[in-house]
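Worksheet for the structure shown next.
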Amino acid sequence: MLSLLHIPSTPLNRFSFSPKTLKSPKRQFSKTQVQSVLQWNRKPQLAGETPRVVVITSGKGGVGKTTTTANVGLSLARFGFSVVAIDADVGLRNLDLLLGLENRVNYTVVEVLNGDCRLDQALVRDKRWSNFELLCISKPRSKLPLGFGGKALVWVVDALKTREEGSPDFILIDCPAGIDAGFITAITPANEAVLVTTPDITSLRDADRVIGLLECDGIRDIKMMVNRVRTDMIRGEDMMSVLDIQEMLGLALLGVIPEDTEVIRSTNRGFPLVLNQPPTLAGLAFEQAAWRLVEQDSMKAVMVEEEPKKRGFFSFFGG
């Protein structure tokens with residue numbers, strides 16, 4: 001039977017483990033868990049040249065691209081990196097809602113291109129984390145200029161790289177669903193891609209198609225996020241395992257996000273999961289994915305033949 005196994009990890013002091021706590025007879029930790037806690041009790045080391053322009057895409061709608069952009073982006077900001085998230089979905093803009101910034105978007109890229117405002121006026125700074133900024137392409141129900149396309153978005157990204165206050169460490173582009181002109185526009189300035197998929201055949205077929213399009217556009221650094229995973233259904237062989245998905249798509253695995261009802265609550269509140277206290281499993285998984293993105297790392301899914309006898313906090317990650 002196939003399932004998921006990953007070494008547990010706890011980013012940025014989410015939990016405090018003193019030497020006295022680790023030796024306590026009431027709390028038994030394996031050697032792997034202790035090493036993992038100590039490893040993640042530090043700031044991630046930024047790999048690659050900055051700014052890193054990452055497009056978050058899927059092909060199929062409703063798999064969690066915007067949720068991933070919001071949670072990964074704020075996780076990067078919490079790690080201490082400067083982040084600009086661009087909502088490239090023109091017709092169905094939602095990233096501002098998930099971040100709780102919908103009432104603060106006064107200007108967009110369209111106004112910048114028309115000369116109605118400066119680029120810094122269109123950037124919306126998050127009050128919770130000042131090193132996180134949102135940039136929307138256009139307002140809902142507005143019409144884009146006929147000439148807007150990949151070259152225009154490249155101009156926006158280049159302007160962010162050369163702005164006076166400094167270039168951001170990460171530019172995240174929330175790609176619209178489908179593979180039409182909006183998709184082509186969103187991927188044009190990117191040199192990395194995060195492909196979000198769910199464990200169903202329709203999402204996987206669309207993801208496979210998107211991989212080919214990304215590679216044709218010259219984007220070779222593609223990592224995969226598997227969303228809405230239910231380990232109970234995997235053990236019952238009612239859901240495709242993460243290992244099967246990885247073998248099918250042939251991509252490095254950036255993160256695995258478990259099914260979590262808290263996602264709906266956080267979306268309706270405009271309060272991303274990674275800011276929840278105490279954290280949920282899905283929130284922790286998003287933080288870990290952001291950590292791997294920073295260090296250009298990946299995780300591994302392996303085959304597990306037996307279900308662990310004890311189910312604890314780290315059980316989802318194989319502990």
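Keep in mind that glycine also has a Cβ here, set from the backbone N, Cα and C atoms.
According to TrEMBL, the domain 'CobQ/CobB/MinD/ParA nucleotide binding' annotation covers 54-270.
On its own chain, Thr67 (ATP binding site) has Leu98, Asn227, Val263, Thr267, Pro272, Leu273 as residues at least 6 apart in sequence with a Cβ closer than 8 Å to its own Cβ. As annotated by TrEMBL, ATP binding site applies to Lys60, Gly61, Gly62, Val63, Gly64, Lys65, Thr66, Thr67.
Its own atom aside, the Cβ of Lys60 (ATP binding site) has 22 Cβ atoms within 10 angstroms in the protein chains shown. Considering only the binding-site residues Gly61, Gly62, Gly64, the Cβ with the fewest other Cβ atoms within 10 Å is that of Gly62. Within 8 Å of the centroid defined by the CB atoms of Lys60, Gly61, Gly62, Val63, Gly64, Lys65, Thr66, Thr67, the record's ATP site, lie the Cβ atoms of Ser58, Thr68, Ala177, Val196, Asn227, excluding the listed residues themselves.
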